[in-house]
Every structure is written in C-alpha cells, then in structure tokens.
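So that you can see what the record holds, here are the features copied from Swiss-Prot:
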type	residues	note
COMPBIAS	669-679	compositional bias 'Basic and acidic residues'
MOD_RES	LYS76	N6-acetyllysine
MOD_RES	LYS138	N6-acetyllysine
MOD_RES	LYS206	N6-malonyllysine
MOD_RES	LYS234	N6-acetyllysine
MOD_RES	LYS300	N6-acetyllysine
MOD_RES	LYS300	N6-succinyllysine
MOD_RES	LYS394	N6-succinyllysine
MOD_RES	LYS567	N6-succinyllysine
MOD_RES	LYS567	N6-acetyllysine
MOD_RES	LYS610	N6-succinyllysine
MOD_RES	LYS646	N6-acetyllysine
MOD_RES	LYS646	N6-succinyllysine
REGION	63-431	region 'Nucleotide-binding domain (NBD)'
REGION	432-679	region 'Interaction with FXN and ISCU'
REGION	432-441	region 'Interdomain linker'
Amino acid sequence: MISASRAVAARLVGAAASRGPTAARHQDGWNGLSHEAFRIVSRRDYASEAIKGAVVGIDLGTTNSCVAVMEGKQAKVLENAEGARTTPSVVAFTADGERLVGMPAKRQAVTNPNNTFYATKRLIGRRYDDPEVQKDIKNVPFKIVRASNGDAWVEAHGKLYSPSQIGAFVLMKMKETAENYLGHTAKNAVITVPAYFNDSQRQATKDAGQISGLNVLRVINEPTAAALAYGLDKSEDKVIAVYDLGGGTFDISILEIQKGVFEVKSTNGDTFLGGEDFDQALLRHIVKEFKRETGVDLTKDNMALQRVREAAEKAKCELSSSVQTDINLPYLTMDSSGPKHLNMKLSRAQFEGIVTDLIRRTIAPCQKAMQDAEVSKSDIGEVILVGGMTRMPKVQQTVQDLFGRAPSKAVNPDEAVAIGAAIQGGVLAGDVTDVLLLDVTPLSLGIETLGGVFTKLINRNTTIPTKKSQVFSTAADGQTQVEIKVCQGEREMAGDNKLLGQFTLIGIPPAPRGVPQIEVTFDIDANGIVHVSAKDKGTGREQQIVIQSSGGLSKDDIENMVKNAEKYAEEDRRKKERVEAVNMAEGIIHDTETKMEEFKDQLPADECNKLKEEISKMRELLARKDSETGENIRQAASSLQQASLKLFEMAYKKMASEREGSGSSGTGEQKEDQKEEKQ
C-alpha cells in the first residue's frame, strides 16, 4: 500500500507559503508552462515531425467505416471496391474458412448469422465481465467468449478472435481502398475513436492499426475530427458543440475555434449508446408484436432474427425521411399451421415512442459538457451533427431544444470524421500548417490510496499531452516495495472506476514508513494513452514502469495477429488472382466455342477434335479451381488460346484463298461474255 509522504507534503505547504503559488505548482510536479507557451511548444513539435508519404485518415466506426486522404489543402473521401464511400464494419467467416469484409459480409449475414461479426467496436478494450458486454451477449447472434486474459473476444467456427483483430480486418479493407486510389502502399494513418473511450479502448484501437499493417501516427477523438472538417475553411472565431450520435457510441464535445487553433474545452458521452441500440429497441418491438399476432417466438431463431434486424435498420433509416413505412418479411418462420409472414406498418411517431428513452440519455452528457466548459447555450455559436443517427428528426429536435438553436448541416455526418482525420494527418505530415489541435482527456486519471479511495492526479478535460508528478511513500516500516494501482474514471472509490493496470516498484531501501520518497509521474500522450514512470528520490535511481494490465493484448499476441492478418492478405491476393484467371479461362472457352461454331465449314475435323479435347481439359481444371493456383489456370488458358488462334488462322487463310479463287474465276467468265458480245 502507498501513502503520500507527510514530510514531503509539509515541505510542499511550506514552499507554497514562502514562495507563492507558482513555486508551489512547480514543487508538486506541474510543468509550469502557461497556456500560450504550451501552444508554441505544440507548434514546434508538429513542424519537426518528418512523415514520409501520404497519411490516410480512417474513421473506424461501429456500423460503417470511412477513409480519406489530403489532396493539396482539401480532404477527399475515397470510394471502396464496391463504389461506396462508406464500408460496413462487418466481418464474416464462411464454412470453408473464407473471410469476408464490408458489404459482401453484410449481404450473407442472414444465412450465416453465427459467424458474422458486427458492432464489435463496442467490445474493443472491454472485459468479459463488463455489464455492457453481458448485455451485448443477449442481443447478438454470434458468440462472445471470455479470452484467457479475461477480455471479451468473439468466436467463429471454433476459432477465437479479439475485437482488435476484427477491427484490423476492417482497417485492412480501408488501407486497400486508399492504396487503390493512391497507386502505392499506404503505411501511415490517423485513426479516430469515440471521445469517451478510456485508455484500454484507445490502446486496443492502436493495436488494431498495428495488426492491419498500419503505422498509427495519432489516435484522435471523433467529435474533434468532425470539428476540424467543419472549421478548416472558416475564419470566424466561435465556440461550437459537436453532437456525435453514431452506430455504437455517443459523444458531445465543446470546442473553441480561434485563428486555426481548435481547442477542446470539455467532452462527455456514453460508449454504449448508438444506432445499434435503436435497431435493437425496434427489433424487440417487432418480435413482441409478431408473437402477439401469431403466437410464435422468434428469439430462438437466429436466421429469422437477422432478417428482422436488417428490416428494423431499414425501417429506421426510412422513417428519417418518411412519416410511415411498411415492414414486409414473407416466410419469416413456420409452425404446425404453415408458414408465417410479417406484415407491419410503422409510423414515425410510433418509432419515436419506442426510442424516446435512448434519445433522452444524450441530454445529461450535453449539460455536463457545457457545465465543465463553463459555457451556456447562448455562448455556443454552432451545433454540428455527426453520426448517422443525427438524421433522425426527433434527434435534431432534441438538439435544437437543448442548445436553443437549429443544428448546422454544414458537414456530412457519415464522412466528417474521416475528413477530420485526414486533415490531422496533413498537419502531422506538414502539409497543413495553419491548424493546431488541442484535445483533452475525457476521464480523470489517478491511483488507489489507503482505504480504496480514488486519488485523482489528472482531472478530466485536461488538455493533452499532459504530465503530472506526485511524491508517494511507504505505508509500513521496512517496506521495500510499493504496489500502485492506476485507475481512470470519475467515481470516489477506486474499485468503481476502470483499473488500467498496476505495477510494483521494488528495491526501495528499508526505512521507517513515510521516509522513502518515490516520485511517480503520470503522462498522457497526444493519443490519450497513459504512461507511468517512477523515481526513487532517495537513491536518485529512476525506473520506467510499464503498466501490466491483466487484460489487453501482449506484444506476442499482436505479433501473432499481424502474421495472421498477413496470411489472410496473402490468401485474399491468391483468391483474387485465381478468380481473375478463372474469368479469363471461361472467356477464352466461350470465345473459342463460338468461333468454332461460326467457322465449322472451314476447319479441319481432326484439328477441331483436338481443340475440343483441350477445352474439356480446361473445364476439368476449372472444376477443381479451388485447389489450383491462379498461375496454373492462367497458363492453361493461355495455352488453349494459342491453340485456338492457330486453328482460326488456318480457317482465315482457307477463307481468303477461297475468296481469291472465286474472284479470279468470276473475272474469266466476264471476259468470255465480252468476247461473245463483240462477235
């Protein structure tokens, strides 16, 4: 157990009395920089970073993801291989072990619900025992399991995957989208996270980037990124609120924009509130109504539930622009009396009634954020809406009532976050020079002290990066080591907050309690990730302490997952190569058979039979295409093409000679006719 040194505390008080408040702040480990000085240091730091190549901005969303890059001074959102500007954050594993990402995964979810993962961002950095995870287990068709480290992982076909891995598969798709556009490898990235993510969730997101093969230069908050997208070309100084209600999380941030400086004043939110909850609420309503009308309970039928889930999401989206929608699902299920169909009309008012409590849950964080930023709603010059759920009229009305002004539609709610991430990438690369971002830590950071009390060292909404040191001592005579538990949260007792990890400082010289002086430094970097170091002031010996959390991914875990991801990438490349070769082969077969039929009178029968044998061999090869390489199929197809070209060349020559013969014969007859006329 540790305690604050009484002697040191007394000296600190004395120093404060004799030297004034500034000295006291230096004495207790405060860095002593004024706000303006901090800004100058930040600018110098940005300018000194040398980043080679393009930096992509990625919004790794709960429901959809988006990628953007800077083109000159403008950010450009990129289209994926399917031609869409956003990609569903869905990953599926088929029975034969194939991995699908994005829309192909979403399309097959109805027939493969148990092995199709969606909204796994809600699990990232979370323990299996978290109440939110336990709630999620009841709502999703796939298996959420306890990993060996106690984290929540998912299972498909007997294989376990961490949420960071699933996120990495989505990031690989975004990376591929960027590379297809850029024409070269995309290595560096800025990835966004919900502002209210804790240290474990931020670290797990960085891990996802590493697994996908990306160098994550910075993790930035989603509302802050959206503010960058909004304010990049604005010259007016103002305070703005960013209301971000996405697929899985809710954030509210209050920012001040002043001469290119984007300073976050406060942030708040709920990491388990979003569009998925709206879908789930509507799904429960539909299932309840269906049971009332037919007596059939759909909760035991995963395939039927997946169809209802997709219909609920579609209805939710339609009701943003229509006052009523129809939900029609024929042959949804069956009982002894025959097939059962779902036919239901749903009005906007009904839907709003179903989700009213969810919308209300966004109000308290907004009020708290304004209170922390010390602003009233009259001080806020603009309210920016981010996230797909903000298209819902009831949400927009709630925001208007809350802030006393109609929200701005200046940014695309689906793309603003990725655009902001790309802008921050431009800042880090030195391409954007007139922007400075000052973000904050969303949660207080501290340690557990005697009696299980949570002692805060860095308060929430402190501008990051930041550092704070404090002197601790032993709680017992002769104590040679101290255990320090690092927590994050706002509750009074340490046990009620998120335990980030704990470490033990050993090798303290035996002494009476309260005598050893151990200076512990807590450091939050620009990604919002926590680092801790300690120094024994008595011996002058300094030690770097690595927080050993009982959860999270180890270095070996990440290395294995990187190899796994590379294996999948190689498999994807081979599959693509094989598909392209098969398409080429089938095209050659079709063209060859068409030409053989067209020129059958000019082709020698024995040569035709040989070519037909070649085609049969090619078809046999295509029948076992899954076990063949793309190169083998391509070579066989090229061989068939060469053989067919030789044969058709023979046919062409024969036709040409026949035409020549018939032409000369016709000329002779014409001359005979002319002779007869003269006679």
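Counting begins at 1 with the first residue displayed.
Backbone N, Cα and C atoms are what each Cβ position is placed from, and that goes for glycine too.
Source: prediction; values computed, not measured.
Overlay of Swiss-Prot feature records on the structure.
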residue : record            : CB count, 10 Å
LYS76   : N6-acetyllysine   : 14
LYS138  : N6-acetyllysine   : 9
LYS206  : N6-malonyllysine  : 19
LYS234  : N6-acetyllysine   : 13
LYS300  : N6-acetyllysine   : 9
LYS394  : N6-succinyllysine : 17
LYS567  : N6-succinyllysine : 10
LYS610  : N6-succinyllysine : 12
LYS646  : N6-acetyllysine   : 11
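Between the CA atoms of LYS610 (N6-succinyllysine) and LYS300 (N6-acetyllysine) there is a gap of 58 Å, rounded to the nearest whole number. Nearest Cα neighbour of LYS300 (N6-acetyllysine) among the listed modified residues (LYS76, LYS138, LYS206): LYS138. A distance of 33 Å separates the Cα atom of LYS138 (N6-acetyllysine) from that of LYS567 (N6-succinyllysine).
Taken residue by residue with DSSP, LYS76 (N6-acetyllysine) is part of a strand. Rounded to a whole value, the Cα-Cα separation of LYS76 (N6-acetyllysine) and LYS234 (N6-acetyllysine) is 18 Å. For the pair formed by LYS567 (N6-succinyllysine) and LYS646 (N6-acetyllysine), distance between Cα atoms is given as 41 Å, rounded to the nearest Å. LYS234 (N6-acetyllysine) and LYS394 (N6-succinyllysine) have their C-alpha atoms 29 Å apart, to the nearest angstrom.
Mapped onto DSSP classes, the region 'Interdomain linker' (432-441) shows 0 helix, 5 strand, 5 coil. Distance from the CA of LYS206 (N6-malonyllysine) to the CA of LYS394 (N6-succinyllysine) is 35 Å. According to its DSSP assignment, LYS234 (N6-acetyllysine) is coil. LYS610 (N6-succinyllysine) carries a helical DSSP state (H, G or I).
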